[in-house]
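So that you can see what the record holds, here are the features copied from TrEMBL:
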{"type": "BINDING", "residues": "ASP34, GLU35, ASP142", "note": "divalent metal cation binding site"}
{"type": "COMPBIAS", "residues": "251-264", "note": "compositional bias 'Acidic residues'"}
{"type": "DOMAIN", "residues": "28-251", "note": "domain 'RNase H type-2'"}
{"type": "REGION", "residues": "251-282", "note": "region 'Disordered'"}
Amino acid sequence: MDLSELERDNTGRCRLSSPVPAVCRKEPCALGVDEAGRGPVLGPMVYAICYCPLSRLADLEALKVADSKTLSESERDRLFAKMKEDRDFVGWALDVLSPNLISTSMLGRVKYNLNSLSHDTAAGLVQYALDQGVQVAQVFVDTVGMPDTYQQRLQQRFPGVEVTVKAKADALYPVVSAASICAKVARDQAVRNWQFVEKLQDLDADYGSGYPNDPKTKAWLRRHVEPVFGFPQFVRFSWRTAQSILEKEAEDVTWEDSGTEDQEGLGRITSYFNEGPRTRPRLPHRYFQERSLEAATSL
């Protein structure tokens, strides 16, 4: 899977798709929607669609596709390779949302919560398939939030399509299982090949599962928190786990109108540049490196 666009710039989002099989522009198709990486505090969230003609659903099922969470990494890779071999009747598309995009959406002045972001991304991929000429007749979606409300929203947006939204759809409908495999293969590759724009010292690539309750993930977050600039962009700042570590490990911010009692015990920003004793040596943050800024010892 070619994720070179994401590797060049992993601060926003990128879309990747297979060629549209000719038969999918002629025959009515079923399309499945699923995601991977919604819950982790590390790495991107990937939404995927997979589609094939209604007349070939049995052939897709014969591939033994299943919910990606029940498959090993090697099994997912094998099945994705098989779907690529069957490109004469199977098509897919991905939308990869970076941690930076997720965090800035959720923490912006106008809040854009994860459910809304998920719903809009899924709908955007369905629209993308239609725009590519895929004759979408049925859409099956693994739900985010209340399935009835979600289904109603999608049905209103795509009135000419039969929409089904269910919990555990990735275990019920092969076309959703196939989408879940595409999403998981893409996320695993994105995490494995993540290009850190920050010059991290002694980078440890063993993040654990990336989920907030994983002790190994929490330990990685504590090792790579920067006291002023926070976490690398690989981290979703908007997750409570990340916020809790920032509150304990990073410097507090005091505003001009803060009372003096709120400032007691706080360090001065100039201490950030001092060469005093630290728990571990620290390279200059990329903010300074990109601007060729160095601490001045004399004037």
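Heads up, the Cβ atoms here are built off N, Cα and C, so glycines get one too.
Values in this document were obtained by computation on a predicted structure and should not be read as measured data.
Listed in chain order, the residues near the divalent metal cation site other than ASP34, GLU35, ASP142 are VAL33, ALA36, TYR47, ALA48, ALA122, VAL141, VAL144, ALA169, ASP170, VAL176, ALA179, SER180, ALA183, each with its Cβ within 8 Å of the site Cβ centroid.
When averaged over the domain 'RNase H type-2' (28-251), pLDDT in the model lands at 93. Non-local contacts of ASP142 (divalent metal cation binding site) by the CB criterion (under 8 A, 6+ apart in sequence, same chain) comprise VAL33, ASP34, GLU35, LYS166, ALA167, LYS168, ALA169, ASP170, VAL176, SER180. When other Cβ atoms within 10 Å of the Cβ of ASP34 (divalent metal cation binding site) are tallied across all protein chains shown, the result is 28.
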